[in-house]
Amino acid sequence: MILRELADAFGKFTKQRNTDDIEVKGLEIDSRSVKPGDLFFCISGFTVDGHLFAEDAINSGAVAIVAEKELDVSVPVIVVRSTTKALALAANVFYDNPTSKLQLFGVTGTNGKTTVTYLLNEIFNHYQKKTGLIGTIQMKIGEKTFDVKNTTPDALFLQKNFRKMVDNQVNVAFMEVSSHALDLGRTHGCEFDIAIFTNLSQDHLDYHKNMEDYLHAKSLLFSQLGSGINREYPKFAVINEDDPVSQYLIKSTAQQVVTYGINSKKANVTATDIILDANGSRFTINVNGDKWHVASKLMGRFSIYNMLAATTAAFCAGVPINVIKSALEKTEGVRGRFEPVDGGQPFGVIVDYAHTPDSLENVLTTVRSFVKGKVYVVVGCGGDRDRTKRPLMAKIAVDQADLAIFTSDNPRSEDPNQIINDMVEGIDKENYQVILNRKEAITKSIQLAKNEDVVLIAGKGHETYQIIGEDTFEFDDKQVALEAIQARKN
Ligand SMILES: CC(=O)N[C@H]1[C@@H](OP(=O)(O)OP(=O)(O)OC[C@H]2O[C@@H](n3ccc(=O)[nH]c3=O)[C@H](O)[C@@H]2O)O[C@H](CO)[C@@H](O)[C@@H]1O[C@H](C)C(=O)N[C@@H](C)C(=O)N[C@H](CCC(=O)O)C(=O)O
Ligand SMILES: Nc1ncnc2c1ncn2[C@@H]1O[C@H](COP(=O)(O)OP(=O)(O)OP(=O)(O)O)[C@@H](O)[C@H]1O
Ligand SMILES: N[C@H](CCC[C@H](N)C(=O)O)C(=O)O
Ligand SMILES: [Mg+2]
């Protein structure tokens, strides 16, 4: 593509040297991946300033640079106010606006995004559609899976892969839209057709100034809904009416709103006759005066919310309710989300991704509601993340469990001892132990458990690694638990 054709996407810019007729073969944001003919975008990162790598990019063959300031380099430079935004808009043009050729579902909210995208994926696969998915665990294009670094990756990754989806005959895709991504403009240029809100509770206050700021970031998915050119698919905002911020989000969108809920009588799609037990959940979905009974293996009230969110969105997209019902009844749930570990032991072991106060409260309440014996929880808090959630999570753990074992999650650059200190500060109960080493903590909980008890291993869910300092080690809660169960038998 000729650079002139991309330039319109940049908005306001100035040029250092004539850039018009330069042939651009690809776009790149990482100097280490630049190939000859690429246009390199200097991103001012959180860790380093991408402008420092312009020379490296040129040495690897970059034909021009997009930067936020003039640079003394040998190739033309386009100077824009925000390279992140320019990247998003340019990637959209370069890959020929792929999301306008897809029916795109975006799911935002503090908890439940991964689960709702997976449920939607299963519903649409059940409906015989070839689908795409991008989120915390992985990216899927049809049956193929790919690794992702972020829940919502950068704009270049997104547009490149939406193009891949379109080229592979995928015409419906589901993605998690994190508040970071909305705030940083990673999704600029994505044309969402159905925007879904799960819930809002405390997280990420390391990044967002306060809860209002966090909510505002989430609301961008709804205020930007339908602002693109894709008119092929109807636009819907699907909102959890039971959440206290629902009215704020309803007001942020100009598109049609369809709500779901359990408590609110006003919600368009509701769940009634709810029965929750150790085998899963049974409930009636009510849509437009019609009723369907669902028996699902997914446990807990929070799972009903996730199923309602997916049902409402799929229903808006025209999927017949019998297809939705049958997909919900078939689903085994998502890896690392309230996932039972079965090593033949006479007590329950559950691996779950709860890493926020609200999610921990939800899963522990669910465990409590069916356990006959004691509840053990093994939990830590991530380093380089919201510190203020640490004491809240620890309090929930000691309030809800018989014994909490506080351990390391991904300490990252922080001192693991300090993370635990932050957690236990203010706790006046004694039903906890600190075992920093996560393997030892899990093993201890499994040694302690007796018949009818439940061990909940929280925080890392599907993750198969642990980040300590700069190093990433192999670590899989489920595997470690199975080994401990085996060791106990020997
Ligand atoms: C804080 C944050 O969001 N960081 C993201 C950011 O990294 P960064 O700003 O640190 O990048 P950097 O290392 O400073 O580099 C700046 C630029 O220089 C370039 N560079 C760097 C080195 C070099 O040799 N050459 C070079 O060109 C880099 O490619 C980059 O373009 O840009 C990267 C590329 O897009 C992201 O992968 C990275 O996410 C990190 C891994 C992260 O942990 N982010 C979290 C906070 C996050 O975004 N989480 C949300 C929400 C999760 C949820 O709740 O579900 C998410 O969507 O994942
Ligand atoms: N609707 C919900 N309400 C409250 N908690 C939930 C809900 N759904 C899931 N959870 C809890 O949150 C955890 C994470 O769920 P999930 O991965 O679906 O959320 P997410 O929003 O994708 O999280 P992340 O922000 O890490 O991407 C689950 O393991 C469970 O403990
Ligand atoms: N998407 C979340 C995941 C947290 C998972 C937890 N295991 C941790 O590392 O804190 C985050 O990046 O904040
Ligand atoms: Mg997720």
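The backbone N, Cα and C atoms fix where each Cβ goes, and this holds for glycine too.
A TrEMBL annotation is a machine prediction, not a hand-curated record.
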**Residue among ARG385, ARG387 sharing the meso-2,6-diaminopimelate site, where TrEMBL lists ASP409, ASN410, PRO411, ARG412, GLY459, GLU463 as binders** = ARG385
**Request:** Using C-alpha atoms only, work out the spacing between GLY109 (ATP binding site) and ARG412 (meso-2,6-diaminopimelate binding site) and round it to an integer in Å.
**Result:** 24
**Message:** Cβ under 6 Å from an atom of ligand 4: which of these binding-site residues qualify? The list is GLY112, LYS113, THR114, THR115, ASN410.
**Reply:** LYS113, THR114
**Message:** Please report the Cα separation of LYS113 (ATP binding site) and ASP409 (meso-2,6-diaminopimelate binding site) in Å, rounded to an integer.
**Reply:** 21
**Complete:** The recorded positions listed are THR110, GLY112, LYS218; by CA-CA distance, the one closest to ARG412 (meso-2,6-diaminopimelate binding site) is THR110
**Asked** Whose Cβ lies within 8 Å of the mean position of the Cβ atoms of ARG385, ASP409, ASN410, PRO411, ARG412, GLY459, GLU463, the meso-2,6-diaminopimelate site, other than those residues?
**Response** HIS355, GLY380, CYS381, GLY382, GLY383, SER408, LYS460, GLN466, ILE467
**Item:** Within the domain 'Mur ligase N-terminal catalytic' (23-88), residues counted as helix, strand or coil by DSSP
**Value:** 19 helix, 18 strand, 29 coil
**Message:** Please report the three-state DSSP label of LYS218 (N6-carboxylysine).
**Reply:** helix
